[in-house]
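What TrEMBL says about this protein:
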type	residues	note
TRANSMEM	75-95	transmembrane segment
TRANSMEM	157-175	transmembrane segment
TRANSMEM	187-205	transmembrane segment
TRANSMEM	225-249	transmembrane segment
TRANSMEM	270-293	transmembrane segment
TRANSMEM	329-346	transmembrane segment
TRANSMEM	358-382	transmembrane segment
TRANSMEM	388-405	transmembrane segment
Amino acid sequence: MQRLLFPPLKTLMGSQCLRLLVPRAAPRTQCGCSCGIRHPLRPGQYSTISEVSLQSGRGTVSLPAKAAERVVGRWLLVCSGTVAGAVILGGVTRLTESGLSMVDWHLIKEMKPPTSQEEWKTEFQKYQQFPEFKILNHDMTLAEFKFIWYMEYSHRMWGRLVGLAYILPAAYFWRKGWLSRGMKGRVLALCGLVCFQGLLGWYMVKSGLEEKPDSHDIPRVSQYRLAAHLGSALVLYCASMWTSLSLLLPQHKLPETRQLLWLRRCAHGTAGLVFLTALSGAFVAGLDAGLVYNSFPKMGESWIPEDLFTFSPILRNVFENPTMVQFDHRILGITSVTAVTVLYFLSRRMPLPRRTKVAAATLLALAYTQVGLGISTLLMYVPTPLAATHQSGSLALLSVALWLMSELRRVPK
């Protein structure tokens, strides 16, 4: 199999249709060939890859350039899927109030769950020493504890799977020479962000385990840390998805008109609005703001509720007042779906490739579906299955927005 995939080097060098990645210091004339004289290359410069390439200093044969791009693109697409799974599973963990069931963090040790009754009792006793049990779950049974423990355990183990999905293939591709210089920087940044995500997740959980003598509220993690945790996951997801689409989707050679420029800017702005709306959902979840006003389009009996600015200073209301947090999420959602609608009708007025039109139409359909899911979740007092579907819809909407941006990206000259 190895001989079939990687033929002998002498055979490759003897083929007239292949050009090796080797430096050349002086010009020379190639007799009997219509190519004529080859010009000298600058020191350190290499010729174009046609089929195979040699890694400098090691002499190992790598994949074709285009094939390597496709492999890396598909890998990053799979990584994006694992990040999406982690976000969805984290949302379900939050909705089932399971996130504070594991009260310590060990990278390797906690990978083995309790197996005996004694081990489960020990784990339950550790949980009983923290505020969530004392204030909220003081009558919880061991069987109920096992459910929330396994929810948090699944989320943490999935996070480790995400880390492996990034780091191990990245090391392999790096060693094989399938990453360009620019791609190496991106991959390093993505792997670093994955590690940061794990640390940030534990930092977030710690905020819900702290004793607060002056507070009798339900113990929950800090909405600021929750938003930071979700925000970094969304950045990781978007960066991986965008890089993957850039490698896998061929670029359209669209005429650079004023209309296209406006459409491209509108697509970027819409994607930013969708991202910001999804991020504001972290504050809604962190403060249980979805349970404050369960009516639509009005909030209670009025369009603007009276308790919108009850906190002082006023800026605190944006991030700490559940009423204001829900109000902001509504406004952002309405603004996002309006921007998607405008973007769709702008795209209809231009001669665009079929794939680009499909992306715009899909974005419009998903936007209105997401609005319907959000309103239903609100009116039904946030049932877990519906709320989890709403959270998943935000990722789908973000994905299609990135797809449309990729369709409209500028072709380098």
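Yeah, the Cβs are placed from backbone N, Cα and C, and that goes for glycine too.
On a predicted model such as this, the values are computed, not experimentally measured, just so you know.
Within the same chain, residues 95, 270, 290-291, 293-296, 333-334, 336-337, 340-341, 343-344, 347-348, 352, 389-390, 393-394, 396-397, 400-401, 403-404, 407 sit at least 6 positions outside the transmembrane segment (358-382) and bring their C-beta atoms closer than 8 Å to a C-beta of that stretch. Put simply, of 75-95, 270-293, 329-346, 388-405, the stretch with the most CB pairs closer than 8 A to the transmembrane segment (225-249) is 75-95.
Taking Cβ pairs closer than 8 Å, the transmembrane segment (75-95) reaches residues 151-152, 154-155, 158-159, 161-162, 165-166, 169, 173, 190, 226, 229-230, 233-234, 236-237, 240-241, 243-244, 247-248, 285, 382, 384, 387-388, 391-392, 395, 399 in its own chain, all 6 or more past its ends.
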